[in-house]
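Chemist: The active site, proton donor annotation in Swiss-Prot covers Glu187. Marked as active site, nucleophile by Swiss-Prot: Glu279. Annotation source Swiss-Prot lists substrate binding site at Trp192, Tyr249, citing similarity to another entry. Annotation source Swiss-Prot lists domain 'GH26' at 32-331, citing sequence analysis. What Swiss-Prot records for Asn21, Asn142, Asn152, Asn323 is N-linked glycosylation site, and it gives sequence analysis as the kind of evidence. Positions annotated as signal peptide by Swiss-Prot, on the basis of sequence analysis: 1-18.
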Amino acid sequence: MFAKLSLLSLLFSSAALGASNQTLSYGNIDKSATPEARALLKYIQLQYGSHYISGQQDIDSWNWVEKNIGVAPAILGSDFTYYSPSAVAHGGKSHAVEDVIQHAGRNGINALVWHWYAPTCLLDTAKEPWYKGFYTEATCFNVSEAVNDHGNGTNYKLLLRDIDAIAAQIKRLDQAKVPILFRPLHEPEGGWFWWGAQGPAPFKKLWDILYDRITRYHNLHNMVWVCNTADPAWYPGNDKCDIATIDHYPAVGDHGVAADQYKKLQTVTNNERVLAMAEVGPIPDPDKQARENVNWAYWMVWSGDFIEDGKQNPNQFLHKVYNDTRVVALNWEGA
């Protein structure tokens with residue numbers, strides 16, 4: 001579908017979308033969202049309940065799927081991580097924005113996560129090297145203290161510096177009219193990332209700071225905002241999330257559909273948000289999704305061995321999935 005039509009044409013031509021059981025229809029939380037961002041959310045809503053949009057993290061792994069399975073995933077997952085100032089200071093370089101623009105040129109969907117290196121206080125030891133700097137154990141940065149500095153503290157200003165650095169990259173995408181599924185501050189309740197290390201309150205405050213800085217200060221509106229928790233204590237709220245997601249890494253060979261998490265997230269969102277799997281190891285079996293009525297809108301396989309080792313997702317299974325008429329790929333023509 002995306003190989004044939006632009007996002008804007010999808011917004012205005014529901015007939016081109018093929019069969020669809022539209023179960024949810026709501027506008028973007030950002031009332032100033034660009035036409036492209038509105039079209040992207042609308043497209044996902046139109047597929048929700050009848051199709052499952054395929055995704056693959058990392059351009060190398062995306063290319064692997066296209067080469068070895070013969071079908072290209074609809075969504076490319078990329079990471080803003082090496083645009084973080086702390087990473088740049090250690091020589092980090094990134095071509096993520098270039099990858100995103102290229103994928104948009106294929107009429108693909110782009111999803112961006114941000115493994116945010118702590119703004120300062122990376123331990124940078126043999127045990128905890130700088131490149132682990134988004135992990136709680138690898139930094140002494142305290143998010144609770146930073147967000148409660150009331151705009152005057154050094155660490156608060158460093159948070160803004162980092163957000164500004166990512167906003168500069170989002171602006172490049174905005175100028176290219178590229179909408180993105182933006183999933184910042186992911187997996188907060190795990191506590192293994194510094195933004196979730198001090199509990200829900202500072203995490204939620206940081207979410208608000210980030211959203212305000214990007215949309216109001218930088219006037220950027222080309223994002224569909226993706227939250228990433230099924231824990232009600234950590235969920236920012238439907239007024240702050242366009243799509244609600246989980247990350248799901250079951251045992252090797254388990255292609256179940258995480259029905260318990262789906263139901264939990266339905267409750268958390270009051271059945272008012274599209275639900276998706278922002279990261280997976282083994283892909284949920286589309287037959288099981290349909291049979292159990294667990295309608296994750298999309299799934300994004302993590303990179304490297306998760307897609308390439310032949311164990312997490314055996315090639316025979318991948319061929320089955322990508323040739324299923326319910327699975328949306330880049331060259332999907334509709335069921």
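Positions of Cβ are set from backbone N, Cα and C atoms, glycine also.
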Chemist: Calculate the distance in Å between the alpha carbons (Cα) of the residue listed as 'active site, nucleophile' and Trp192 (substrate binding site), and round it to a whole number.
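Modeler: Taking the Cα atoms only, the residue listed as 'active site, nucleophile' lies 16 Å from Trp192 (substrate binding site).
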Chemist: Please list, in sequence order, the residues in the chain of Trp192 (substrate binding site) that are at least six apart in sequence and whose C-beta is under 8 Å away from its C-beta.
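Modeler: Expected: Tyr135, Thr136, Glu137.
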Chemist: Just to confirm: which same-chain residues, 6+ apart in sequence, have a Cβ under 8 Å from the Cβ of Asn152 (N-linked glycosylation site)?
Modeler: none
Chemist: Rank the glycosylation sites Asn142, Asn323 by the number of other Cβ atoms within 10 Å of each Cβ and report the first-ranked residue.
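Modeler: Of Asn142, Asn323, the one with the most crowded Cβ is Asn142.
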Chemist: Please name which of the recorded positions listed here, Asn142, Glu187, Asn323, is nearest in space to Tyr249 (substrate binding site), Cα against Cα.
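Modeler: Going through Asn142, Glu187, Asn323 one by one, the closest to Tyr249 (substrate binding site) is Glu187.
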Chemist: Given the active-site residues Glu187, Glu279, which one has the fewest other C-beta atoms within 10 angstroms of its C-beta?
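Modeler: Comparing Cβ neighbours within 10 Å for the active-site residues Glu187, Glu279, Glu187 has the fewest.
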Chemist: Find the average pLDDT over the domain 'GH26' (32-331) in the predicted model and report it.
Modeler: 97
